[in-house]
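Here the structure is laid out as structure tokens; the discussion comes afterwards.
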Amino acid sequence: MADERMDPSDVRVSRATLSRPSPRNILKGLPHRRVHPDNIFAAECGPHGWGGKSEVYKATLVREPDKYNSWQQSKIQVAVKKLRFDEEMDQDRTSKAFVRELKVLDGLNHPNVSKLVGFVEDLERGIAWLVSSWEPNGNVRQFLTSAKCAVPERISLIRDTWEGLLYLHTREPPICHGDLKSLNILVNASYNAVITDFGSARVLKRQSENDIYPSLLSLQTTNDYTSAVDNPPKLVPNIPDHDLTLTNAEFSFRWAAPEVLMGDRPNLPSDIWAAAWTCWEIVTDQLPFSNTNSEGAITMHIIEGKVPLSIQGEQMSQIRGLFRLMTACWASDPTARPCAEECLAEVRRLPSSIPSSPTRLGFKIRSTSLSCPPAQMRYLTSEFKRMKSIHRNALEIARSTENQLAAANTLFALGRAYQARGKYQLAEEAYIHAQVYYASGGDPAGRARAFEELGSVYRAQCLYADAEGSYLRAKTMYTCLKDDLGRASTLCGLGDVYRARCRYKQAEEFYQEARGIHARSGEDRGRANALLGLGEVYGAQSRYRKAEETFLQARDMCSDLRDDSGHANALSGLGDVYRAQYKYDEAEAVYRAAHTFHSKARDKVGMANALLGLGEVYHARTKYNEAEIVFARVRAFHEQVGNDIDKVNALLGLGDLYRTQRKYDEAEKLFNQALNLSARTDNDLGRANALRGLGDIHLAQTNYDQAEDSFSLAQDLYDRVGNDGGSADALLGLGHAYRAQTKWDMAEESFVHAQYIYAHIRNDVGRANALSGIGDVYHALGEYSDAERSYRQAYNLYAGLADDSGKANALLGLGEAYVAQVKYNDAEMAFTRAQKIYTRIGNVPGRANVVRALELLRRDRPKSEGGETPGSRFKHVQVPAKNEGFKSYDTQTAVAHLQGQTLGANGVVSGHRRPKFYIN
């Protein structure tokens, strides 16, 4: 018998087959995407589009109440792509193609990429539907035919296309679309381009990190488990409606790159080739090689590189750079073509304007729209000198032409440009005018968007009352329009406002409602944003376990979405949570990871904010040199980009660092700089934070009158902006200033008021600090049982927070209260526990204080039994007592005050941990 040997390639195929999940298992892993067919109601008209394997219908999807939507039914317009199963189509192949496209779509989330809503599947009965969002303006070719767009508006659509393609090409692993053309670019309700139809899309793999053009990971068309080499594409022409498309190859012939026609599989460079032809279509309204329908002629043109040498027509001088880009994309050598990132960078330099809607007469007035692109170009190239004049020109042209919606769109685009550069007053003016023109033009959706962005502008300036008003108006409009996603977006904005004002209960309610809406709509990016807000709320309330769980959930969701910016924000939130719990190793690691993800997202502001958190970790670990370098870098960056609010945060962080090192002159200078900058930009929250920092310096230098003034002014400003947490922090500082001057009534009132606010906003850290201050006051007044109760409450809170330093300080105060009440055993136990904690965390001054307290206790204990008072180990002075004339006061505390330290009656820092300065 002949020796039968298995071909090694057969082994590879078998192993691949075994390791690859079956279509049925893939579908089982997507239960959240499954839609019941009875909930889809197709429009009475026929299909809106069709291809070789499917038809697309407009329909209404009814979402029934479920665990995400327990109170109402919702309806949304959707596009339903129905794959055909017939005798001519291989059922197994069609099923695999359906699952492959579904799997690709499930991981995509970008404003310029079609959004998957769900799927309907019963493969045994030949049912395979993909449900996606409905884009009302058709494909880009149809839109341009009806809208008659000017060149800058066409460039806006081109830019959107490259934005979406860059998103696909920079995914990990990258995605090759494989069939880019104008028919597969839709125009949504906001007149932005959206890439659709992922039936030919493939996931790729990189050969190396430096490989900008990955190879195919899975390109099988006839059989998912067979090598692509074994099944080369068969080029059989089919020419419906002048759109020459191959029936057996999964690409469109006119847009195919030469290497694809030669037998290679579509790859990222072939996407670039096709995208350039799509640009050609958008600019010229012509198909590639529109002068012929001959398969042979088109093939020869492509293989021989006979591409257009110029573009003819009006206003073509505006797009010479675009044509040069298209020519580069048509290079015969795939490796010589620019990547999507380079292409988008070139397009961003061109003047563009978001298309405006057609008027009732079917045409648009151009002049207002054409005034917008130079402003956008200057925004993109950081040239802002003439933006205000362009803004005024747009208004004048709008008044003269009476084209209300064109003016509104122009103003809205200008507002976005100003807002992105931190030019908030100009952005505010633009949005206010935009909403007026949207109202006049009868576009309530546009008006709602303008109010929503206006709320964001006010929030960025810490004008929280104005922000709340704008968000509420937008929310009301979205509700009337039955725009659930718009309403959810404003709910998140309201959550941000209430969180910044420390109204955490209301903020949590807003975020939870937004989260539910996004869950019902399948909008994962919105859900992630709501989770980020919830995580911040839980962290601010010292609910660290809940905060950590929420940030981790947001991180994982953003990771699945390939949302690097959201991923980075979740990591920064985790860093804040770990830092608040003194988990500095974990905090440092996630801040570094956040910086990396912000870098991937090209978010320089996010990178700076991650560095700010890292600087706080260095500060807490007494790595003062590293902290100073980081804060200085952040400060320099914000100075360069003109971001005044974040520059204030960097100044505050650096000032607090110098204060800790007792470099009071340098710290005071920085706090004053932050104060002046905040005043110049009407940033009341920044002013309040700077004044609080100055109050701490004055307190440390025993300038108690100045400390009182600073804390009082800070409290007034916090009250003005509605920041309850800041107000409580200022009251805490006032309490220390009054206590240092033996103003016991005022000190007690301040500490009690602060404790009440902290309890109301669920800030256990602040509440524990205030209770420690109350205990110090009662101890100094000789009200030892009240002091004992306050220290015990503070200890319990610190224990719940896993705050070892606070626990030790509270135990030290508790021990002193026990000594004063002749509870020596309890005192010794409290001192001993405090000593162990101080030793474990390496707090040398704290350990020294408790060792001294134990020595005095053991030395004086026998003497007190002979009649000597338990407090005789300290010298006492007569001080004003509450409603009782004078009482004996422990001079250790007085000496500490004279030395410029904020100490409690126990002789050490009372456990006060400075709350975070940064502006939300």
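Indices start at 1 and increase along the chain as displayed.
Each Cβ is built from the backbone N, Cα and C atoms, and glycine gets one as well.
So that you can see what the record holds, here are the features copied from TrEMBL:
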- 1-13: compositional bias 'Basic and acidic residues' (COMPBIAS)
- 42-350: domain 'Protein kinase' (DOMAIN)
- 1-25: region 'Disordered' (REGION)
- 528-561: repeat 'TPR' (REPEAT)
- 648-681: repeat 'TPR' (REPEAT)
- 768-801: repeat 'TPR' (REPEAT)
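For the repeat 'TPR' (528-561), the DSSP-based tally of helix, strand and coil residues reads 30 helix, 0 strand, 4 coil.
Sequence-distant contacts of the repeat 'TPR' (648-681) (same chain, six or more residues past either end, CB-CB distance under 8 Å): 461, 608, 612, 615-616, 619, 624, 627-628, 631-632, 634-635, 638, 687, 689-691, 693-694, 696-697, 700-701, 914, 917-919. Confidence for the domain 'Protein kinase' (42-350), expressed as mean pLDDT, is 75.
Taking H, G and I as helix, E and B as strand and the rest as coil, DSSP gives the repeat 'TPR' (768-801) the counts 30 helix, 0 strand, 4 coil. In the repeat 'TPR' (648-681), the DSSP tally of helix, strand and coil residues is 30 helix, 0 strand, 4 coil.
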